[in-house]
């Protein structure tokens with residue numbers, strides 16, 4: 001007797017499961033509001049060197065003051081990081097002249113002046129994270145994803161050890177605490193530390209929501225569950241654009257995106273622990289109580305499995321796992337993911353796929369300029385395009401399967417990103433269309449990989465597997481912002497890098513097994 005057989009008896013997708021998914025979807029909205037917050041938190045507005053003794057030029061317009069104080073770049077715009085050591089008054093007579101003596105050009109000596117028309121303040125303007133300090137600005141996102149990476153390993157293990165719901169509650173409470181501390185940061189160091197800890201906390205939310213929902217629904221509704229929870233990531237994506245548009249000051253923006261976690265804590269109390277996990281851990285009475293509650297809410301009042309019969313079901317499951325435990329050394333950990341041949345292949349390939357998915361997704365999501373749209377509209381459009389992408393994937397993963405869908409969405413993401421390398425900059429409309437297509441394919445790949453991975457690993461190792469793959473994804477997410485710094489080597493090198501990684505990881509996805517219409521594996525023996 002399998003757990004799916006019990007689900008059929010109590011209703012595999014009824015009112016009980018719908019209410020669970022409604023709460024879990026609300027929780028998932030919190031994620032993109034922090035994961036993509038860097039776009040606005042660390043946005044760098046137009047800036048130029050602060051000009052000393054500017055009051056001495058009262059007879060000059062601002063344009064003329066800049067002309068004699070700031071050198072121009074080859075494209076005719078004023079430099080953001082350089083200034084003249086002495087005013088060049090002769091440029092007022094002929095502004096097309098460029099000083100031949102480069103020694104009079106120096107780095108900014110008196111700070112910077114920022115354009116505040118779009119942002120009241122960001123961490124870039126707060127601590128002058130521009131020019132030579134630009135790397136620290138990009139590193140803010142990396143610190144956050146390093147936290148998410150560490151949290152993936154911690155919460156993956158702890159949620160298999162202490163339960164899905166307990167760790168979800170801990171994740172939300174810590175997210176609120178560290179999010180508010182981030183908003184109160186008085187130095188860059190404090191912000192870097194608190195954002196890293198926020199990443200650790202939110203990792204639990206990212207890791208547990210989907211498997212908890214999947215473990216309560218039947219085989220026929222697993223795809224729907226995966227797609228539905230993923231759609232609410234896109235909703236959070238769009239809400240982030242709205243919040244950032246309304247709140248232009250970075251301290252209060254952090255408060256605005258952290259606040260919803262408080263509501264999530266209140267809503268989570270109703271969600272039950274995973275009955276699959278309770279049975280796997282021998283907590284039969286608790287699992288029995290949750291299943292009876294599920295049956296009542298779903299109108300299956302004739303379901304009345306006695307605790308004794310339920311215990312015999314648990315014992316049969318335990319004996320099967322004990323046989324596997326004997327071969328596995330008697331315990332489960334991240335090392336268990338690599339002990340047996342098939343599981344080892346799954347773990348290695350899924351790790352590469354997750355790295356490629358996250359690396360290309362965040363490479364796209366954190367590059368909102370150069371498409372002819374405002375940063376807020378770009379964020380909103382990128383969120384909107386994700387929803388039809390998910391709808392299409394709902395059909396594709398059930399028609400062509402998980403493996404083909406995963407591989408081709410990644411490959412097409414890479415090809416679209418590569419196409420924008422060769423499309424000239426003046427063709428902003430065409431570049432916008434191709435970028436939106438790349439974002440759609442990228443989101444389709446992310447949607448598929450969450451669903452696919454949940455089905456690849458057995459119940460006793462599912463959270464360990466999700467923790468490991470999430471670690472690989474966050475490693476990709478950590479590196480993605482730093483790749484933007486490669487534009488100093490070659491302007492198109494970041495896009496070429498994202499393209500290559502996406503295509504290669506898409507090819508690796510062909511090596512994974514298909515899981516379409518296959519029961520969720522319970523133990524190692526189901527995989528092998």
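Each Cβ is built from the backbone N, Cα and C atoms, and glycine gets one as well.
Unlike curated entries, TrEMBL annotations are predicted automatically.
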Need the matching range: TrEMBL marks transmembrane segment on one of 104-125, 170-191, 280-301, and I'd like to know which.
170-191
Suppose you had to name the range TrEMBL annotates as transmembrane segment; which of 71-91, 197-217, 302-322 would you pick?
197-217
Per TrEMBL, the transmembrane segment among 346-364, 403-421, 422-440 spans residues 346-364
Mean per-residue pLDDT in the domain 'Major facilitator superfamily (MFS) profile' (87-517) works out to 86
Surrounding residues of the transmembrane segment (12-31) on its own chain - C-beta under 8 Å, 6+ positions past either end
4, 168, 172, 175, 202, 205-206, 209-210, 212-213, 216-221, 225, 228-233, 235-236, 239, 257, 260-261, 263-264, 267-268, 270-272, 293-294, 297-300
